[in-house]
Amino acid sequence: MPLFKSKAEAEKTKLDQSIPHVVHEDVSVDRASLNDDDAELAKRMGHRSEFAREFRSFSTISYAFAIMGLVSSIATTFNTPFVYGGPATTVWAWLMGSCFNLALGTAIAELVSSYPSSGGLYSASGLLVPVRFRAPVAWVTGWLNFTGQIAGIAGSEYGLAQMIFGWVYVVTDGRFVATNRETVGLYFGLLFVHGAINSLGTRILAKMTSGYVIVNLGITFVIIITVLACTPLHEMHNGSYTFGTIDNQTGYSGMGGSALSFFMGLQSVQFVMTDYDATAHISEEVHRAAIAAPVAIMIAVLGTGIIGWLLNIVLVIVSGDVAQSEPANWPGGLAMAEIIYQRIGKVGFLVIWPFVCSVAFFVVTTALQANARSFYAFSRDKGLPDRGFFARINKVTGTTVNAVWLVIAPCILLGCLGLASYGALSAIFALAALGMDFSYLIPIACRQIFQDHPDVLYKPGPFSLGRGWFGRVVNSIAILWTIFECTILSIPLSLPITAPTFNYSWVIMLGVLLLSVMWYLAYAHKHYKGPRSTLTPELLNKLGVVTSQETTEAETANFPPPGQLSGRQDLDERPTNS
């Protein structure tokens, strides 16, 4: 006996009981006609195409690279594996994380191809479960993702402030050392600058994005070549040191402590290689989104993993005695900045470092854009008590200006952790990975469990692993890896555990999760019904899309009489009201 009813039986039962539901249509499209099908694809998911589709293939790939940052994100997180785990941790933890993140990125790309929406995997999660679970699953997924994205913006912006003051430190020959308050002050100022930039039009943002990948990869290779050329052979570390030395500085003892110090090094690669679904958040602004978005994700994950590993190896080889020096004397407190400064000198550093800062600047620009689109989608789905205020598209710029400034507010609050210590700040990096990766885990797992359920009947997009063993293995690896690395990222970096060294990431995430669940149970469940349609009932009926019974559209949609719907019909064959 089959686990689930056939689609025809399920639809007939539902219609007989007068229970409206969502039929997620096959969003795979003819590759030859993709140029004309973006708006139709949005309609099949229940949304109007409200954004100008200014992002083409190259700018979309550039956007995916920009969101990861690579050189700037490594600069801000290099301290963790290098200081707490040593050279081998820096090298092998990156490779390990990259390989497993490739599985996670592939699973995400597959879902993005099937559900290219501004809500990203938040929207997908609500369409991958039975109707009765749709609202709570989407609600939890959404808040986990929003928390991770906000932490990612805060961590990248704070890292940019550190990098700028690191440049000033070198300019003044160490006479100026920024305090935590000064760094936080600059952080606030940078947030407002990025808010203003993201209030511009989509066409301007798309043109800006096109150059991100060139600067990002270009400055990475410049650093690799320059530091190698400027380091004498006798000062380069040998292979046994680079690839075989784990230096446990976490305070955790024994073999278990050494293993833990190695896994702590995953924080860097997990922070850099996250926000995979950022490209999905701009998919309603992307041309040929069902192909362009997942392809951009895959290229960015592969490229970041390989080039990032090479950069980490080179930095360790030319690191000299930086590991034994005092972090307080490093430019901006960053080990990578100190390595570059020691190898290419003051003038070279002052020339190269601003380009690294510019990459960080691009990271925040793209991350803020993606997060704003997430809140736009959540408000559109009535997930916020704002009467749709944050789902409004600015008539002048054609962008989600209101949602942009909504994101700035919690980023300001998170930035205050920078007043505490590096340990507290590292919790922001961990929180970014925790929030986003757990939000990816939910839809991937739901797809595996419910893909044949009559309320779901998952249909892949143009980018698909198929239903065979390969797809199941990749998705299973993604799920298990996410559980493992999120557990590691919840552990304090070092002993003894004190207020400055405590890992606040899981506390913040759990707090947000509990508050969101309480809010949902007390109030939000009355109006939030999961990802919802923005189309008219007439168009929904014409397309064959019927929303759940709780939505306004479903209450007015015209259903065929019981028993008339014998099975799934092609779109052009379905009866219309016209």
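Easy rule for this one: first residue shown is 1, then count along the chain.
Glycine is no exception: its Cβ is also placed from the backbone N, Cα and C atoms.
What TrEMBL lists as compositional bias 'Basic and acidic residues' is 569-578.
Sequence annotations record features per position, and here TrEMBL assigns region 'Disordered' to 551-578.
The transmembrane segment annotation in TrEMBL covers 63-85 (among others).
Residues or ranges marked as transmembrane segment in TrEMBL: 91-109 (among others). With a threshold of 8 Å between CB atoms, the same-chain residues lying at least 6 positions outside the transmembrane segment (91-109) that come near it are 81, 85, 121, 242-243, 262-263, 265-266, 268-270, 273, 276-277, 293-295, 297-298, 301-302, 304-306, 308-309, 312-313, 316, 437, 440, 444, 463, 465, 474-475, 477-478, 481-482, 485.
If you look up TrEMBL, you'll see 150-172 (among others) marked as transmembrane segment. Counting same-chain residues at least six beyond the ends of the transmembrane segment (150-172), those with a Cβ under 8 angstroms from any Cβ of the stretch are 69, 72-73, 75-77, 178, 182-184, 186-187, 190-191, 194, 271, 274-275, 330-334, 337, 341, 346, 349-350, 353-354, 356-357, 360-361, 363-364, 367-368, 371, 407, 410-411, 414-415, 418, 425, 428-429, 431-432, 435-436, 505, 508.
If you look up TrEMBL, you'll see 184-206 (among others) marked as transmembrane segment.
Positions annotated as transmembrane segment by TrEMBL: 212-231 (among others).
Under the heading transmembrane segment, TrEMBL lists 252-271 (among others).
Positions annotated as transmembrane segment by TrEMBL: 291-318 (among others).
The feature transmembrane segment is assigned by TrEMBL to 347-368 (among others).
Taken from TrEMBL, the feature transmembrane segment covers 404-434 (among others).
The transmembrane segment annotation in TrEMBL covers 469-491 (among others).
Per TrEMBL, the feature transmembrane segment maps to 503-523 (among others).
Sequence-distant contacts of the transmembrane segment (63-85), counting only residues of its own chain at least 6 positions beyond either end whose CB sits under 8 Å from a CB of the stretch, comprise 55, 93-94, 155-156, 158-160, 162-163, 209, 212-213, 216-217, 219-220, 223, 246-250, 261-262, 264-268, 271-275, 278-279, 282, 296-297, 299-300, 303-304, 307-308, 311-312, 315-316, 319, 323, 327, 333-337, 356-357, 359-360, 362-363, 365-367, 370, 422, 426, 429, 493-494. With a cut-off of 8 Å on Cβ pairs spaced 6 or more residues apart, the transmembrane segment (347-368) and the transmembrane segment (503-523) reach fewer than 3 such pairs and are scored as not touching.
Most Cβ pairs under 8 Å to the transmembrane segment (212-231), among the stretches 252-271, 291-318, 404-434, 469-491, belong to 291-318. Within its own chain, the transmembrane segment (291-318) is flanked in space by residues 31, 34, 55-57, 60-61, 63-65, 67-68, 70-71, 74, 78, 82, 87, 90-91, 94-95, 98-99, 101-102, 105-106, 108-110, 112-113, 116, 217, 220-221, 223-224, 227-228, 231, 235-237, 242, 269, 272-273, 276-277, 279-280, 283, 336, 339, 343, 461-463, which lie at least six positions past its ends and keep a Cβ under 8 Å from the stretch. Relative to the transmembrane segment (503-523), the listed stretch 404-434 leads the set 252-271, 404-434, 469-491 in CB pairs under 8 A.
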